[in-house]
Amino acid sequence: MLRLTCFTPSFSRACCPLFAMMLKVPSVHLHHPRFSPFRFYHTSLLVKGTRDRRLILVERSRHLCTLPLAAAKQSAASPSENLSRKAKKKAIQQSPEALLKQKLDMCSKKGDVLEALRLYDEARRNGVQLSQYHYNVLLYVCSLAEAATESSPNPGLSRGFDIFKQMIVDKVVPNEATFTNGARLAVAKDDPEMAFDMVKQMKAFGIQPRLRSYGPALFGFCRKGDADKAYEVDAHMVESEVVPEEPELAALLKVSMDTKNADKVYKTLQRLRDLVRQVSKSTFDMIEEWFKSEVATKTGVKKWDVKKIRDAVVSGGGGWHGQGWLGTGKWNVKRTEMDENGVCKCCKEKLVCIDINPVETETFAASLTRLACEREVKANFNQFQEWLERHGPFDAVIDGANMGLVNQRSFSFFQLNNTVQRCQQISPSKRLPLVILHKSRVNGGPATYPKNRALLEKWKNAGALYATPPGSNDDWYWLYAAVSCKCLLVTNDEMRDHLFQLLGNSFFPRWKEKHQVRISVTREDGLKLNMPPPYSIVIQESEDGTWHVPMSVEDDLQTSRQWLCAKRSKTP
């Protein structure tokens, strides 16, 4: 049962009619995308905060129509109809609502709580209609405030709760951002329980929580050392199909260590292996602290079923078994490195290369096609797919734009051709790799030079060049080609921007690790292909219970990667 807070008036007998009515709405209607219980209370809410709504406000402020005037529209056009599009746009931008939005955005950027509250009070005095956006920015700015003390009172927190109440009174429909900012307010007041209540209430409004929605409650409970409540929030996340990231898992790891819950530490390490793979320095240090702790020394079994462990490793694809802590006694914990073959320089154990399920690859290719068709001109991408079926498969796909610019001030066809030749040399079929280039690079600039034009014609005649159409993002093309051909992808692109985040953290990092080839160019060695490592750079758990944890680095070509090796001093 939810606690009765200022954010849960619907659970009080003295609640406002708005929330009381919502409890009577059948669930089949409550979650319908077109149903909104607020319509019966505020007919203009359907366009509240939208461009249409702002137009309505401008027109009402300029022309207070009556029925007779409206009936006379046939004989004379209203002044608003004579306004140019530019004038209408200017009127919208200068409306009280738009000006308030601009000023609140500036307060949000600067974290200026006092100015935001002053603007809010002024807007209410002047009768400015606040939209969902206005309220969300106000709540966000108030949530930035730190907890008040006797010597330093903070008006942002107390006023934030009042603003939330006023939003409900004004019958403004809340969204995910509203509840998330409310949760942040609660945590700023040192009340993670209230923050968790906010997340629970989202379902009553048909709102799907996001990862950021859970952060205030989860981190709040972890800071307080309330492990049970933190696990409850985590379970709610799993139920809502919200996937945690490293900060959330690190917080759960810390609270599990502090409460000496070895089973939870083990499960969290497995989740870090699955979802994060390589950990940041702070998490790396925390894991090192665990293996050096007395609790870790005393945790584990002396005997285990070797066949069961081995079968679990095989069924999991290699690199882990998930059967719990193996062995007893003190851990030998060292920071180390791997050699080029994946052999630990500390314990001499060779790390494994974790398999990729072929079914996963096919599913990923289908997902990639769907995403590309949503963001590219579908006909263009389908045309590329048909071309690839006729000319493929290839042993390697080259991100031409990236390869021509590595360590170069301007695009270099010489370097791109050098990359093509190196890839052809290592190809089992000795076939030319597929070069993906934007049409602008194929038709203009250095491409017009006779030598480069001849090179492009050679690739084109061999069916090894594809020019992506104007306005397209060539990233979709070279990535799809490499995935569908199950071949190497030659690019120094780290693939971390928004486009690649759409692909998720489950399969794509594993695929990239096994298929991406990067180049390095030096005066001494010239151009060198850096092949995928023969082992997986991911947290690994051996059949004897030994752990190897990799630290994430920006560029492991330039910086050697540190690993944590944790092995029992005594083995059965």
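Backbone N, Cα and C atoms are what each Cβ position is placed from, and that goes for glycine too.
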Given Swiss-Prot lists C344, C347, H548 for Zn(2+), the same-site residue among C353, C565: C565
Cα distance (Å, whole number) from D493 (Mn(2+) 2 binding site) to H548 (Zn(2+) binding site): 27
Cβ-centroid neighbourhood (8 Å) of the Zn(2+) site, C344, C347, H548, C565 excluded: K334, T336, K345, C346, K348, E349, L351, T546, W563, A566, K567
Tally of residues which DSSP labels helix, strand or coil - the repeat 'PPR 1' (96-130): 28 helix, 0 strand, 7 coil
Residues near C565 (Zn(2+) binding site) in space but at least six apart in sequence (CB under 8 A): N332, V333, K334, R335, T336, C344, C346, C347, T546, W547, H548
Lowest local Cβ density (other Cβ within 10 Å) among binding-site residues: C344, C347: C347
